[in-house]
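Just below is one structure, and these are the notes that go with it.
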């Protein structure tokens with residue numbers, strides 16, 4: 001029961017947003033969220049583009065400049081920054097689209113690519129964070145027995161696997177192209193135009209919900225629970241400040257994960273059930289549409305949170321930053337430290 005024109009972005013049709021022309025049944029809902037949508041998206045995507053680009057560019061530059069300090073988590077951080085940069089480079093196109101009140105100006109190829117890039121970033125970020133959490137758990141809970149699992153080479157293979165998996169599983173979104181509406185305006189990021197496509201979107205939703213959110217979220221919770229229990233158990237044996245720092249890092253990472261991804265996936269599921277119910281009051285539908293805009297903006301904002309994750313992931317990145325600054329100021333060649341023993345490696349990984 002939407003008025004024609006209350007359309008949402010293509011990411012929102014993962015929420016089951018219906019074709020507004022075919023769903024105009026009794027014409028009882030005369031309100032739209034177009035103005036709200038255009039203002040929020042254009043503002044949020046502008047901020048995310050600027051902050052995400054400079055933040056991730058800086059982190060990536062520092063990590064590459066200190067690449068001689070080899071670390072498995074450095075590999076994950078670099079890949080996470082690359083995924084963020086690929087996404088934020090497409091967000092200005094979305095800003096232009098919403099500033100022009102839903103008129104696409106950049107051709108069919110960029111329409112497909114912009115839609116695709118946001119999905120790839122969303123789930124690459126989730127999987128990279130999950131991989132980092134898993135291997136951090138291995139390093140802290142089993143620091144000596146399983147130290148060979150947490151290597152730079154294995155991290156590269158994991159990252160390659162994540163890229164291939166996400167790129168292939170997100171490829172269906174490349175099939176959704178721009179089109180001309182009844183006013184001859186080119187549209188992009190809009191809901192599917194037939195019932196068959198809507199069913200396909202429903203299937204994609206549950207597949208991505210289970211494999212792209214539930215499994216990674218459970219993995220992170222289990223890993224961080226094991227880490228916290230291990231750190232608390234060993235508090236009296238080793239340096240308490242370093243243990244508090246590790247626990248604080250876990251809290252920051254978990255909070256960022258929950259703020260960025262959980263609201264979007266929960267809202268998307270609720271929205272699907274609402275749209276498939278027989279009774280859909282106009283005010284409830286409009287509130288749900290507004291919540292789509294808010295939660296989708298939060299999901300996209302993970303590009304801004306990730307640089308903070310790099311900083312709060314422990315002393316290692318801050319040490320890299322200090323090394324980079326000293327190297328830049330003194331123009332002296334950095335001399336790497338001697339190879340660490342297994343216990344030292346385990347402790348270093350705990351501080352990543």
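Including glycine, each Cβ sits where the backbone N, Cα and C put it.
Here Swiss-Prot flags 111-188 as disulfide bond, drawing on sequence analysis. Non-local contacts of residue 111 (disulfide bond) by the CB criterion (under 8 A, 6+ apart in sequence, same chain) comprise 104, 177, 178, 188, 189. Residue 111 (disulfide bond) falls within a helix when secondary structure is assigned with DSSP.
According to Swiss-Prot, the N-linked glycosylation site annotation covers 15 (among others), on the basis of sequence analysis.
The feature N-linked glycosylation site is assigned by Swiss-Prot to 19 (among others), with sequence analysis given as support.
Residues or ranges marked as N-linked glycosylation site in Swiss-Prot: 26 (among others).
Positions annotated as N-linked glycosylation site by Swiss-Prot: 184 (among others). Around residue 184 (N-linked glycosylation site), no same-chain residue at least 6 positions away in sequence has a Cβ under 8 Å from its Cβ. According to DSSP, residue 184 (N-linked glycosylation site) is assigned to coil rather than to any helix or strand.
What Swiss-Prot lists as topological domain 'Extracellular' is 1-43 (among others).
Swiss-Prot lists 65-72 (among others) with the feature topological domain 'Cytoplasmic'.
Feature annotation from Swiss-Prot assigns topological domain 'Extracellular' to 94-121 (among others); the stated evidence is sequence analysis.
Feature annotation from Swiss-Prot assigns topological domain 'Cytoplasmic' to 143-156 (among others); the stated evidence is sequence analysis.
Annotated topological domain 'Extracellular' per Swiss-Prot: 178-208 (among others), in sequence order, evidence recorded as sequence analysis.
Summed and averaged per residue, pLDDT over the topological domain 'Cytoplasmic' (230-245) gives 65. Taken from Swiss-Prot, the feature topological domain 'Cytoplasmic' covers 230-245 (among others).
Annotation source Swiss-Prot lists topological domain 'Extracellular' at 267-291 (among others), citing sequence analysis. Secondary structure of the topological domain 'Extracellular' (267-291) per DSSP (helix as H, G, I; strand as E, B; remaining residues coil): 19 helix, 0 strand, 6 coil.
Look at Swiss-Prot and you will find 313-352 (among others) tagged as topological domain 'Cytoplasmic'.
Residues or ranges marked as transmembrane segment in Swiss-Prot (evidence: sequence analysis): 44-64 (among others).
The transmembrane segment annotation in Swiss-Prot covers 73-93 (among others).
Feature annotation from Swiss-Prot assigns transmembrane segment to 122-142 (among others); the stated evidence is sequence analysis. Sequence-remote contacts of a segment are chain residues at least 6 beyond its ends whose Cβ falls under 8 Å from one of its Cβ atoms, and for the transmembrane segment (122-142) they are 72-73, 76, 79-80, 83-84, 149-150, 155, 158-159, 162-163, 165-166, 169-170, 208, 212-213, 216, 219-220, 223-224, 226-227, 230-231, 246, 253, 257, 260-261, 299-300, 302, 306, 309, 346, 349-350, 352.
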- Message: Validating a neighbour-count step here. Other CB atoms within 10 A of the CB of residue 188 (disulfide bond): how many?
- Response: 25
